[in-house]
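Taken from TrEMBL, the feature domain 'Aspartate/glutamate/uridylate kinase' applies to 2-276. If you look up TrEMBL, you'll see LYS5, PHE6, GLY7, GLY8, THR219, ASP220, ARG230 marked as ATP binding site. Residues or ranges marked as substrate binding site in TrEMBL: THR41, GLU119. The domain 'Aspartokinase ACT' annotation in TrEMBL covers 378-434.
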Amino acid sequence: MRILKFGGTSVGSAARMRSVADLIQSSEPRIVVLSAMAGTTNSLVAIAKLLFEGEIQAATSQTEILRQHYMMVARELLPEPAIAEEAISQLGTCFKTIFGLMRQPLSASGERVILAQGELLSTLLFHRYLTAIRGQEAVLLPALEFMRLDANDEPDDAYIREHLTQQLAPHTAQALFITQGYICRNAKGDIDNLKRGGSDYSASLIGAAAGADEIQIWTDIDGLHNNDPRVVEGTYPIRELSFDEAAELAYFGAKILHPSSVLPARQYNIPVRLLNTMQPEAPGTLISSKTGSEAIKAVAAKDGLVAIKIKSSRMLLAHGFLRSVFEVFERYRTPIDMITTSEVAVSLTIDDATHLTEILAELRDFGSVEIDENQTIICLVGNLIQENHGSARLVFNALGDIPLRMISYGGSPNNISLLVNTADKMRTLKALNAGLFQRQIFHSDASDD
Ligand code: ADP
Ligand code: ASP
Ligand code: MG
């Protein structure tokens, strides 16, 4: 079994959906996981926001604009009028659900129902196109019947495996399955989602549950680049990454992958290929248990961090101090991203500030507490310990006089993390690109000659 996931841009128009239909042709069994069409989830987020603000009229007109758009796409994709009208009436159930939620004040669970409509719309359209226009046999698998979170809002692996197997079981003769990314149910059975960008995570979870031999993430760029191509010029794709390297880059901000999406693939050693729908022949990036030899391969950045410093003379020569600090974060279910210590102080970062006030109040029992908001983690990934002949010097030379709030090195063999003010993010990424990668570009250009 092979899993192929197509993101929002890849299914963003009737023409793009036709190209996806070409790309998935094969006699091998496959599960195709689709995102919502580009722009749809943002639109649904905006509609829910208007409803929370009581702007029913504005929410109604925005939903109507979206509905008109889908009618247009359906007519373009399904040129036979009877088929198009039948599909439009099926798409209509999604819009009826949204309009139905406008009758009373929107709840958080109502919002999640609205957000789920994007993937339901895209898969319905694509499935109709394959079966009714291309005459291809394909089964539409309802993700809401097998994709599930447990009571900790983590994927319920056992449930997913059991129910995906049940969904596949009646179709042993079928080779092509289409399903929704992103959407799921939570432990209460209510409609939920895997957070923005979550279709990558769906693909990886489905791959793990189905025992896939490869997971392909098809997107709008030719693989994972060495730096954020939206910020830095002259980035290039990395051909091979280990699971650990890719997991760190995804977690620390490489938008091409959902932060958790590498984990299920790594657990079952399933290779993940990042491929470009607009340039299918490009080799992309292969993520597997193997790693390449470059010392520093890539840089990613994650915004929205808060740095907290706890200074206490009680820490000096004491044991159990860090445990007490960590327990505060555990009580508020707030993950810590980065940590550095000295004899009398510990600095750490969090990206979820929901319980910041309560956490700070408890930490003040230990000593003085200072916070810095608007911080960005810059994560450098590669063979940094084994190949460390001078990589730290290269990094510091590249950084020049950019002020660093924290540095973490040695926590894993393939990562150096730096904490900078978000205001310094752009110049840090550019400086690292100039100092670390220009040499490698020159190097590979020279050896190609
Ligand atoms: P999809 O809709 O297919 O899921 P995304 O927009 O989520 O696509 O992810 C692809 C985008 O991620 C690229 O267009 C690119 O702008 C951005 N991106 C950010 N960092 C990187 C990186 N290091 N390598 C490749 N793309 C990146
Ligand atoms: N449609 C969802 C989003 O826009 C999930 C995804 O595209 O991966 O976040
Ligand atoms: Mg994405």
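Placed from the backbone N, Cα and C atoms, the Cβ positions cover glycine too.
Here the features listed in TrEMBL are painted onto the structure.
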residue	record	Cβ contacts under 8 Å, 6 or more apart
LYS5	ATP binding site	VAL32, VAL33, LEU34, SER35, GLY181, SER199, ASP200, SER202, ALA203, ILE215, GLN216, ILE217, TRP218
PHE6	ATP binding site	VAL20, VAL32, VAL33, LEU34, SER35, TRP218, THR219, THR277
GLY7	ATP binding site	SER35, SER199, ASP200, ILE217, TRP218, THR219, ASP220
GLY8	ATP binding site	SER35, ALA36, MET37, ALA38, GLY39, THR40, THR41
GLU119	substrate binding site	LEU34, SER35, ALA36, ALA143, GLN180, GLY181, TYR182, ILE183, SER199
ARG230	ATP binding site	LYS255
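Across the residues annotated as binding ATP (LYS5, PHE6, GLY7, GLY8, THR219, ASP220, ARG230), the two Cα atoms farthest apart lie 22 Å from each other. Taken in sequence order, the binding-site residues PHE6, GLY7, GLY8, THR41, GLU119 that lie near ligand 3, meaning a CB under 6 Å from one of its atoms, are GLY7. In terms of DSSP helix, strand and coil, the domain 'Aspartokinase ACT' (378-434) has 22 helix, 15 strand, 20 coil. With a cut-off of 6 Å between Cβ and the nearest atom of ligand 1, the binding-site residues LYS5, GLY7, THR41, THR219 reduce to GLY7, THR219. DSSP assigns GLU119 (substrate binding site) to a helix. Only GLY8, THR41 of the binding-site residues listed as GLY8, THR41, ASP220, ARG230 bring a Cβ under 6 Å of any atom of ligand 2; the order follows the sequence.
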